[in-house]
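> Below, the features straight out of Swiss-Prot:
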- 1-172: domain 'PRELI/MSF1' (DOMAIN)
- VAL36: site 'Important for interaction with TRIAP1' (SITE)
- LEU49: site 'Important for interaction with TRIAP1' (SITE)
Amino acid sequence: MKIWSSEHVFGHPWDTVIQAAMRKYPNPMNPSVLGVDVLQRRVDGRGRLHSLRLLSTEWGLPSLVRAILGTSRTLTYIREHSVVDPVEKKMELCSTNITLTNLVSVNERLVYTPHPENPEMTVLTQEAIITVKGISLGSYLESLMANTISSNAKKGWAAIEWIIEHSESAVS
């Protein structure tokens, strides 16, 4: 098992970042996300928005990794559940792969909150737990996947900035 974590600060208020995060896919920074389907969306009694989405992704696994895993499949599906609490100003998003679960599990958690010292900024904390199952080079593959997650996180931050920039230019 490998744990990866990160923190990023956006120079935008929470509301702006959340609106962009909800519209993050598709984006030109991370073309590996091929599609997003909303399976369920509801507002609970406390006014929190719950969303359940299915993401179709193309894991660009190197041929060596595919050989070690014993699969040629690179199209994967991810289940994503998010809760947006506009009163507490908190968005929590949890995702897990639902494809190749016999070989690997990736559980990711993202939390967006206003910066504690500057409400014009937003803090994103991310954590991913990666587990490769029953493979002799499992820890090596977990480290490779953690590096990929780190790279994709940076693309995600850039995508949110891109969406905000393009949303603001569309309004002006």
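Counting starts with 1 at the first residue shown.
Using N, Cα and C of the backbone, Cβ positions are placed for all residues, glycine too.
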> In whole Å, how far is VAL36 (site 'Important for interaction with TRIAP1') from LEU49 (site 'Important for interaction with TRIAP1') when you measure between their Cα atoms?
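Between the Cα atoms of LEU49 (site 'Important for interaction with TRIAP1') and VAL36 (site 'Important for interaction with TRIAP1'), the distance comes to 17 Å.
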> Summarise the model confidence on the domain 'PRELI/MSF1' (1-172) as a single mean pLDDT, whole number.
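Summing pLDDT over the domain 'PRELI/MSF1' (1-172) and dividing by its length gives 90.
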